[in-house]
Amino acid sequence: MAQPLNFVLNVPETPEDHSSQEPSPYDESEVHDSFHQLIQEQSQWVAEEGLELQQREPGPGGPETSGCGQHALPGPEDALAHSAATLRVLASMPSRTIGRSRGAVICQYYNRSVRLRRRVSRPELKGVGRSARPSLRLYDLELDPAALQEEEKRFLLVKELEGLPVAQRNHMLRGMPLGLAEKRCLREETQTPTEKQRGRQGPRGLFPCCGRLRDACVLALHSLGLGLLAGLQALKPWRHALKQIGGQFGSSVLSYFLFLKTLLAFNALLLLPLLAFIVGVQAAFPPPAPPGSVPSFMGLELLTGGGRFTHTVLYYGYYSNSTVSQPCVPPPGGGQCSREADSLPYSMPLAYLFTVGLAFFITCITLVYSMSHSFGESYRVGSTSGVHAVTVFCSWDHKVTQRRASRLQHDNIRTHLKELLAEWQRRRGSPSACGQLRRVAVRGLVWLLSLGTTLGCTVAVYAFSELMIKSPVSVEQEGALLALPVVVCLLNLGAPYLFRCLAALERHDSPVLEVYVAVCRNLILKMVILGILCYHWLGRRVGTLKDQCWENFVGQELYRLMVLDFIFVLLDTLFGELVWRLISEKQLKRREKPEFDIAGNVLELIYGQTLTWLGVLFSPLLPAIQIVKLLLIFYVKKTSLRANCQAPRRPWLASHMSTVFISLLCFPSFLGAAVFLCFAVWRVKPSSTCGPFRGLNSMYEAGKAWVRHLEEAGPRVSWLPWVHRYLVENTFPIYLVSALLLAVIYLHIQVVKGQRRVICLLKEQISNVSALPPPARPQEALFAPQMTPGPAGGRTKRSGSEAAPPWGALRDRAPALGGCGSRPRQRKAAFSGRRPRGAAVSVRVLEVLEIALGLLGGPAPGHGPCSLPSFSKQVE
Amino acid sequence: MGGSGSRLSKELLAEYQDLTFLTKQEILLAHKRFCELLPPEHRSVEESLQIRVSLEQILSLPELKANPFKERICRVFSTSPARDSLSFEDFLDLLSVFSDTATPDIKSHYAFRIFDFDDDGTLNREDLSHLVNCLTGQGEDTRLSASEMKQLIDNVSSRAGPGSQREGLGLGLKLSLPQILEESDIDRDGTINLSEFQHVISRSPDFASSFKIVL
């Protein structure tokens, strides 16, 4: 670390560098060198800590002590003046210069655009490690002894912007916190003459005589287009409804409806290929009708899904097992219609298999993508600390537009703040061992009870399903088929209320934990029940329904479950929300309405979606039914919400919770359904009397047979059987791919871990520094003027001569950060060596954090050069 | 309706679209809403682009009515010398910052300016207590008490004022509370500057979704 200081610093004090207005790599290297110099000086200070401490004793701070500290510095004499300049570099790190004045903003964006332009024009620099230090180059201006005035900066900014491509320039302008008028001015100034000409002349060209006509046409088209756009705005689904909900209940309740919208999109995505390749084709070319009369429509079918519906496109059994053919119209002569003549080359079994597979694959990709996107949005490093500040700065929901809702939000925030304060006071005295023990016991008991309830429900469902198998239902009493779904729905409805009562017994520290526990219990219940049902269908029913179409039966069961689930949601809304509100208003004389249970409702949605995914193979139209159901639920819930409910009192981490829910949708729900379907496709023998796969040993065999058929067809498509044989049937490639994938994941985990460790170290450093008492007032006053930009003009007012002496003093008390080399590891060594002192050090830590951003992978375009927000973003 | 007949020119629309985070539809909707605020005789396109709407009229928009920061928001976005009126471009600026697609960077920048009640470029104690009062409601009964406020904003034990001396005996000694200033004032100068503010904001993923106004 303590390398000899063998080079003399060459800070560009030369104004002629700037007369050219052309930033060169030479400047950058100089600034970099001076930066390096500073670092080394400070490492020296680290080494000579003892000496410095002694010197600090007599005079606590002040410019004159810096003078006597200087001779301890082994560097060349003239380096001192330069290092003062270098320190100014640090002082002008963007974190400090961005005041609210317009001049500072312009200045900052000038710097930003310089960086951008350099990146564009000299990509070869990018490869060099140096470009990973985004903020170094920016300070050549600051080193100029005469600080540039605002107009000059502005001029420079305009010049810089001129060098950028148009799209980038607009992007940059858009991101500037300046007024629109200012932006338009800048844009006007930065347009090069050719662009202006192009803009002015535009489409008018060779035929000026047609110009007027063309103008009229363009105008008419323009207004027509605008009208269409306005129409589109109205079509944007539920914009107004969502705005209303957001305005009345805030983001938390809105997240439920947004989740519902997401589910709708998923179902539409699932339904489209099914509709196009299976249902549509089969409906256009219906298979021969089954023997026997078609039962008439009775109305009960809407609930049971049987009867009239059985032989329709709704269920698996309807689909033919051959290539699609025209309906056979017997020729007048009474002969047989020839099958071969009018058959189309569209094999239904293959279409069925591949379409379902493809639809699932698309859903999977979309789901994983949206999950990772959501994670990126909601996961922030260190989001647990700083609750008070975050609460105060971020808790107001600007979407809220109603006075009542706004008052409620005031109340919620006040309660939350008071709770936070009380929490801190309470945390001082740790609870007694007895109280702790009692709490653990109560929690254990509650968990035991809820798991026992889950077990009881499971056993009940299992016993009931066995009972249903033992007493087969005749075709006439179809209503009896509803018994099992009703039991399941009742359990699903009742158990959550029981869980809620139990949860009232235990007291959790944080409301978030409370929600998690509730979600966890409900999820376990629902998944276990669905698991038992799946076993019942694939394990037991397939065996008992020998001569019938078991796929149809499973499809109908899922249909029934779904319809009844919808009915129970309606009942729950009616009794849980409406009646409860009436009771609490009329009888209990409470002013407050019941709260909307977001977690419970979202879990209901996830459950319904799982049912849909489970049933897609057996009933391809199930997503359509789910879409209808979701649409109805949207309106019912919205009406009930506005009439009966109020927003939850607890703070709700909307983006965090929606991430959790999307992951729940992905992990147990989608994955479980996929496993179920894979098992059904690979292992279970399809029924021999119906469906596209009749006569085969498994549905998968249809694919195999097709490959064999291809092999025979000729050499033209021989690669496909080859692919099949070596990649699908042979297990080795699968192992190889999974091993590679695991290795990549492992590497990524390691990288993230390393980055996280660096962050932890830096954060620790910051909190270490912050925990120390602030320095005495006179010292603080020394560097305070440099720290904070003035109201107008920011730090550009300061002249170089003013700045030097205080900074020298500052350096004396801020020797901590050594080793700002190119490796986090080096910095770590520098950190761990000593305990930092004083506030100035914390400033430095901030700077290092900023630099670390560059090290961890360069700044994203459009973000601050090295501001902390983008730093934490990088880590994600 | 007067607003529906008058449309922005194509070039202007494209320019606005380039320079703000709004889509074409949103700009048109904004123009329509803005024109509705104007007296009927001034609703032509040219005039609507020139004229300024007073603060009271903007505050009467239902989207802003219930917002406790409405006046600050208008003042921050106003470009008139007295900061008491908004032109259409200011209005677009406002909507652009509060739109869906605005970057977190620019959102936090303007949030900082909105919370900076005395316009001095940093958040000091007065700004913070003003902010907390806005959040909890301005009424006498809804405010936090003085001691609560003090406790919330800065550290009771380290700042030995005459009022906190008493509390210091009771609860302040062990109470090195990481409250707002403790948590966010990294350079310990007693105020929060923009980068410190953005650092805090970056820890809250919900900020971008709640700092939003839908027209």
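Think of each number as a place in line: the chain as shown, counted from 1.
The backbone N, Cα and C atoms fix where each Cβ goes, glycine too.
It should be emphasised that the depicted structure is a prediction, and the values quoted were computed from it without experimental measurement.
Sequence annotations record features per position, and here TrEMBL assigns region 'Disordered' to A:1-32 (among others).
Per TrEMBL, region 'Disordered' is recorded for A:46-76 (among others).
Residues or ranges marked as transmembrane segment by TrEMBL: A:256-285 (among others).
Under the heading transmembrane segment, TrEMBL lists A:350-370 (among others).
The transmembrane segment feature in TrEMBL is assigned to A:445-465 (among others).
Annotation source TrEMBL lists transmembrane segment at A:480-503 (among others). Beyond the transmembrane segment (A:480-503), the same-chain residues lying 6 or more positions past its ends with a Cβ under 8 Å from any Cβ of the stretch are 303-304, 306, 446, 449-450, 453-454, 457, 460-461, 464-465, 468, 473, 514, 517-518, 521-522, 525-526, 529, 533, 556-557, 560-561, 564-565, 567-568, 571-572, 600, 603, 607.
If you look up TrEMBL, you'll see A:515-538 (among others) marked as transmembrane segment. Nonlocal intrachain contacts for the transmembrane segment (A:515-538), taken as residues 6+ away from its ends with a CB within less than 8 angstroms of a stretch CB, comprise 450-451, 453-454, 457-458, 461-462, 465, 488, 491-492, 495-496, 499-500, 503, 508, 550, 553-554, 557, 561, 599-600, 603, 606-607, 610-611, 614, 650, 657, 660, 664, 668, 672, 676, 679-680, 684.
According to TrEMBL, the feature domain 'TMC' maps to A:549-655.
Marked as transmembrane segment by TrEMBL: A:558-583 (among others).
If you look up TrEMBL, you'll see A:659-682 (among others) marked as transmembrane segment. Non-local neighbours of the transmembrane segment (A:659-682) in the same chain are 259, 262-263, 353, 356, 360, 363-364, 367-368, 370-371, 374-375, 377-379, 516, 519, 523, 527, 530-531, 534, 538, 602-603, 606, 609-610, 613-614, 616-617, 698-700; each lies 6+ residues outside the stretch with a CB under 8 Å from one of its CB atoms.
The transmembrane segment annotation in TrEMBL covers A:732-749 (among others).
The annotation region 'Disordered' is assigned in TrEMBL to A:787-834 (among others).
Taking H, G and I as helix, E and B as strand and the rest as coil, DSSP gives the domain 'TMC' (A:549-655) the counts 80 helix, 2 strand, 25 coil. Summarising model confidence by region, the domain 'TMC' (A:549-655) averages a pLDDT of 89.
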